[in-house]
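*Asks:* Pulled these features from TrEMBL for this protein:
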| type | residues | note |
| --- | --- | --- |
| REPEAT | 215-250 | repeat 'PPR' |
| REPEAT | 317-351 | repeat 'PPR' |
| REPEAT | 418-452 | repeat 'PPR' |
| REPEAT | 519-553 | repeat 'PPR' |
| REPEAT | 589-619 | repeat 'PPR' |
| REPEAT | 620-654 | repeat 'PPR' |
| REPEAT | 655-690 | repeat 'PPR' |
Amino acid sequence: MLCKSRNICSIYRSISVAAALSSKPNSHFIPDSVFHYTEEVLASKLAPILQSCTSLTESNIGSVLKKGKQVHAQVTVNGIDNLGILGTRILGMYVLCNRFTDAKNLFFQLQLCYASPWNWLIRGYTIMGRFNLAILLFFKMLVFGTNPDKYTFPYVIKACAGINAVKLGKWLHGMVQSSGFEDDVFVGSAFIKFYAENGCLGDARLLFDKMSQRDSVLWNVMLNGYAKDEQSVNDVVELFREMRRSETKPNSVTYACVLSVCASETMVKFGCQLHGLVVRCGLEMDSPVANTLIAMYSKFCSLFDARKLFDLVPQADRVTWNGMIGGYVQNGCMDEALELFHEMVASSVKPDSITFASLLPLVSISEDLHQGKAIHGYIVRHDVSMDVFLKNAIIDMYFKCGKVEAARNIFNCSPAVDVVICTAMISGFVLNGMSFDALEVFRWLLIKKMRPNPVTLASTLPACANLAALRIGKELHGVIAKRGFQEILYVGSAVTDMYAKCGRLDLAQQVFRRMSDRDVVCWNSMITSCCQNAEPELAIDFFHQMGADGAKYDCVSISSALSACANLPALHYGKEIHGFIMKSAFSSDVFVESALIDMYAKCGNLEVAWRVFDLMAHKNEVSWNSIIAAYGNHGLLKDCLDLFHGMQKDGFQPDHVTFLAIISACGHSGRVEEGKHYFNCMTKEYGITPRMEHYACMVDLFGRAGLVEEAFGVIKSMPIAPDAGIWGTLLGACRLHGNTELAEMASEHLLGLDPQNSGYYILQANLHANAGKWDMVSKIRHMMKERGVQKIPGYSWTEVNNGTHIFGAAVASHPQSAQIYLLLDNLLMELQNEGYVPQINLQQQHNYPQKSVNSD
């Protein structure tokens, strides 16, 4: 009786549940027949629902899940306790619909001696990106005693790839081999993809060659693995040719992969051949292929072909538009890129973050702040997703346009900041001369437990160089060496540049010579560093080694070498480089020609310097400044001013470098009033803020003319703190004109600013010696000894018959020293016979004529 009562209650509950289900709209179940559903019938009803799960979208996921739950309810209502295959299918439905809580609850009701329930849950965790849980569940499966099947391994392998667990993947591969599943297409493909994505191309290829069946997916996985490795470009081409010889035909994914390699490696001829093959196969209008072709022609600088292909695409999607806009940006075509952007908007194709990340670098190059703000405003108004790349592009744009605070605001307002954005901030601060702020961002990055990448470290090193922070630079070098980044070209170049700018040219050379591969940037960095560290001979040696090493010279290499020739001076080396320029493509480069002008002028050949300038097809501010400085340094003030006015007539506005050359020329010519006039003209008429160099020139202008008090007045009026160079200029003027009082003041500042510069001690000692204060001379020499300051001997160069002769102060190192000094003694005796009296004491005042040195 009790048993019958329970059955009646069970039937009543079943009828109630069925009635509740039938009352819902769109119900596909008839309550009257609820007791007639068998497991087979429910399985047949579940089949189309599972089929719908394969094409889930946001719009249909709700209805699919609803139908699946109804089937699950019918299973419960019909009292099917043995949830075998049917229960596993329902579990799969929950996984595909992203209902993992329901899936887990059902999982523990199933028969776990079979692999299928485990497979579905492992698949679910992998889809969610919970790779650790997927792997943990796999090991629980093994502990439970359930044997994995061929459907288990692909998702476990994918989970290993998700956490870059190469060793675990290889262990899993051994397990698969012992289980006999290695030849399965899906398992084998999963392993090949795993190895290829983790850089184990040898293992991937070994397994690929073993596969008895190789479909297009497998070929494409292998091709993409080679394509991602810069050293395996030739393997991509060979594997593609092998694929064409096989029974498997290349598809659009294949062609897109191989064409992308052609674009990155500028394989023009092969890329054009592939294009012909694509046309023959009828795939040229396939979206991935067409987009890759546009990118390839853009990289080849064949924008006409890229645009022609773009116009032929019947329905260009967002990727196609972005590719063409990116092509214009890469080739510096600002107007065309903006015009195409407006066409994109007019075509109702909504720009995304990639569109703007492609467009903004061109704004950064042109430094068009108005245009950049307009694009930023569009992004904000249209709620464009601000991913990492777009934030980087906006920050970079504001930094390059000089709007540091705007870039800082974007950084501070970002809810999530990663190492890439921090790197952009570091680079931006360095670009704007804010090296201390750059180091602060780097410290903050470390505090937040972010791991700096090679770009971050290479961007931070210039900040150390600018601040001469050698200790921090060495620490960064240690991190770089420990993590193996020193072999990366741009990182190695940054390290050498940092050491050179911190005055450690020896360490810079050590790092440079240890680099296994050196590009033109590395060589240029060393040549420039030698010039900046007063090692012009070494710079020329590196220039010659660069050519012998097979590296191609560029305009920076040539300009730096010419600068070294000018500083040496070595006219014959300069002429050799000039001959090389005339035979190469550098003969029309404005910056190289400007360096030539400077070299000839500093080597004393002003006539040739003028000829180079006169023959220039295109002149700019740099070339005008070079020729103005050339005449100014030779004391030809009238010619210098004529050129200054000629520059303006030619449509070029003078800048701070122009006025620096003019004021310096006035100083060399003793024209104080003209110097004052042009300094005031620079500030008042042209609105140029004086820099440290301009104030140094004004101090030198007054100091040369004997107006030491006026020179000191310039220093007192400076809005910025004077550096050691300015105080040194004043000290030199005081020594020349015997002003010991001001000399003492200048010395105090100098010894505080640059205590290891021997030149300042010598100047001060000579000043006191001229005044007869030998006790002060002794005191200064004792101070030098206490501080360990070594007197650096002076050297001079002269060129005779294409040979450079070097002479050192108080050093008879020249092989013909005896003959030279004997000749000098004879000349001095003849001068004294003619009435010449050597001036030992230079305390007297010198009055400079207020006229041009070349005037009569």
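Just so it is clear, glycine is given a Cβ too, placed from its N, Cα and C backbone atoms.
Keep in mind that what you see is a predicted model, and the values were worked out from it rather than measured.
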*Asks:* Sort out the residues at least 6 away from either end of the repeat 'PPR' (317-351), same chain, that have Cβ-Cβ distances under 8 Å to it, and list them.
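*Replies:* Distal contacts: 287, 290-291, 294-295, 297-299, 301, 303, 306-307, 310, 358-359, 361-363, 365-366, 368, 371, 382, 384.
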*Asks:* Counting only residues 6+ away from its ends, which parts of the chain sit with a Cβ under 8 Å from the repeat 'PPR' (519-553)?
*Replies:* 489-490, 492-493, 496-497, 500-501, 503, 505, 508-509, 512, 560-561, 563-565, 567-568, 570, 573, 580, 584, 586
*Asks:* Do any residues, 6 or more residues outside the repeat 'PPR' (589-619), come within under 8 Å Cβ-to-Cβ of it, and if so which ones?
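*Replies:* Long-range Cβ neighbours of the repeat 'PPR' (589-619): 555, 558-559, 562-563, 565-567, 569-571, 574, 578, 581, 625-627, 629-631, 633-634, 636, 650, 652, 799.
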*Asks:* Could you give the residue numbers and ranges of same-chain residues that sit at least 6 residues beyond the repeat 'PPR' (215-250) on either side and whose C-beta is under 8 angstroms from one of its C-beta atoms?
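*Replies:* Sequence-remote neighbours of the repeat 'PPR' (215-250) are 185, 188-189, 192-193, 195-197, 199, 201, 204-205, 208, 257-258, 260-261, 265, 270, 281.
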*Asks:* On the 0 to 100 scale, where does the mean pLDDT of the repeat 'PPR' (519-553) fall?
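*Replies:* Per the prediction, mean pLDDT sits at 87 for the repeat 'PPR' (519-553).
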*Asks:* Based on DSSP, tally up the residues of the repeat 'PPR' (655-690) by helix, strand and coil.
*Replies:* 27 helix, 0 strand, 9 coil
